[in-house]
């Protein structure tokens, strides 16, 4: 069995999570390829038994390239076992780590034609020193309003790697949908 893991990232944390998922799946005996949804032209769907897509939030929105990819490939995504993970800083709060309690994931799933079999909401990373001035200012303002870290010299990884490992185990059990050839 082979899994395609696609990601849409702004600052790299969604890519790190995708790589971690691939590593966890490998330990479970499942081969996985990882690719950036912004750079992949057309996936070779017939080479995969399942697909996982992760996307990050910036200023309340997923990247348009991710949304366009999902819209374009919704029929294919629905025809095979699939999973979605949303990465955002709101999920640093444990009560905001489910598709039901995270407004970004909930809104995306309600409005999307894609119906993934599994979903996760995973906390991202706050990397102030890597941000451009404007992003550092805006994210600090948002974090101040939401009770988060405001020291712009810090980098904080909120990702719960055990949650990611558990999600990999869920992905490993995705089966039973016929794939389109």
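For all residues, glycine too, the Cβ spot is worked out from N, Cα and C.
Because the structure is a prediction, the values reported are computed rather than measured.
Copied over from Swiss-Prot, here are the features:
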- 9-13, 84-152: FMN binding site (BINDING)
- 3-172: domain 'Flavodoxin-like' (DOMAIN)
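Annotated features, which come from Swiss-Prot, shown on the structure.
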residue : record           : contacts (Cβ under 8 Å, 6+ apart)
9       : FMN binding site : 15, 36, 54, 56, 87
89      : FMN binding site : 57, 123, 124, 126, 142, 143, 148, 158
99      : FMN binding site : 86, 105, 106, 109, 119, 120, 121
129     : FMN binding site : 152, 153, 154, 155
139     : FMN binding site : 126, 128, 131
149     : FMN binding site : 126, 143, 156
The one of 109, 119 whose CB sees the fewest other CB atoms within 10 Å, among these binding-site residues: 109
Reduced DSSP assignment, residue 89 (FMN binding site): helix
Reported mean pLDDT - the domain 'Flavodoxin-like' (3-172): 95
Conformational class of residue 119 (FMN binding site) under the three-state DSSP mapping: strand
Secondary structure of residue 109 (FMN binding site) (DSSP, helix/strand/coil): helix
